[in-house]
Amino acid sequence: MVTRIVDLRSDTVTKPTEAMRAAMASAEVDDDVLGNDPTAFRLEAEMAKTMGKEAALFVPSGTMGNLICVLVHCDVRGSEVILGDNCHIYIYENGGIATIGGVHPRPVKNNDDGTMDIDLIETAIRDPRGELLYPTTKLICLENTHANSGGRCLSVEYTDRVGELAKKHGLKLHIDGARIFNASVALGIPVDRLVQAADSVSVCLSKGIGAPVGSVIVGSENFIAKARRLRKTLGGGMRQIGILCAAALVALQENIGKLENDHKKARLLADGLRELKGLRVDTLGVETNIVFIDIEDGIQTRAEKICKYLEERGILLMQESSSRMRVVLHHQISASDVQYALSCFKAMLTTNQQVVKGVEKEMDD
């Protein structure tokens, strides 16, 4: 019987803290669709100030937040957005910008650190003289931190350069900042400075900072006015949302300061895993709270088997492929949990090696 659960599947799995539950229970609420929820106002004002933008809007999810931002910027069907070929919007958001918005994605290769080469971005911008034949480039999207690159951070210098490129060509810049607070903490750069070049940013409340539900998008007052209409169109108007916003306010106050420790625990786990024969971890690439674990060739086991073994011992992680796994650290994982996970990984690999050696000996005999 499993008596200990160490949930490393994602930072989205955190449970609301007692402080969050108390804030939710006592939240002052009203109808947000009618524009009257005071707790929503507080959260949106706080997020706009924190991000250095004029206004903000609560949305149910990061996927909806990104979709709204793309559709506000690309307000004519047949518009085109330049984005990374390994980014969240392109891979994990159900093709919504195309299927719902009629926006054409133009992917550019993501480097291992989550960036796209500036010259490749510029090359991907359509020549306006070809508008009879081609989609019209309207938007560039970045992701910070970049999840599929292992939570790597885009520097403020890089983001500024992309922003300058966008302005040069009359384009807008959107940042999918689902884990932007993780990037800010890891880089030591205030979050408003980190997104200064962006025309819009989506920020997930239920990832790194551990609120139970929702995201916030930020931008100019005119941008948010258009976003509010699109939110309603997409079914994202949710009446007494102050109950959810109250938890998010607690998360902003209490959990941003815990992110640095989450990053330390990720590095502790990565360093421990690197020492285990049969596993490969790029420890230099562990900048925030995500760790990818690759199974080396010849180990004669697969990620599915490792995940099943660990699950039986209360450790939950995400299988990415037959030879890759992902773990994500968060504020409800302790240093003791990390050591327990490492001990179970080690036991699994030791058992597997003994089995392999036994089979080899039988074959030799």
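Glycine residues also receive a Cβ, built from the backbone N, Cα and C atoms like all the rest.
Keep in mind that TrEMBL annotations are predicted by a computer and have not been checked by a curator.
For 7-294, the entry in TrEMBL reads domain 'Aromatic amino acid beta-eliminating lyase/threonine aldolase'. As a whole-number mean, the pLDDT of the domain 'Aromatic amino acid beta-eliminating lyase/threonine aldolase' (7-294) in this prediction is 97.
Residues near LYS207 (N6-(pyridoxal phosphate)lysine) in space but far in sequence (CB under 8 A, at least 6 apart, same chain), listed by position: SER10, ASP11, THR12, GLY62, ALA178, ARG179. Per TrEMBL, N6-(pyridoxal phosphate)lysine is recorded for LYS207.
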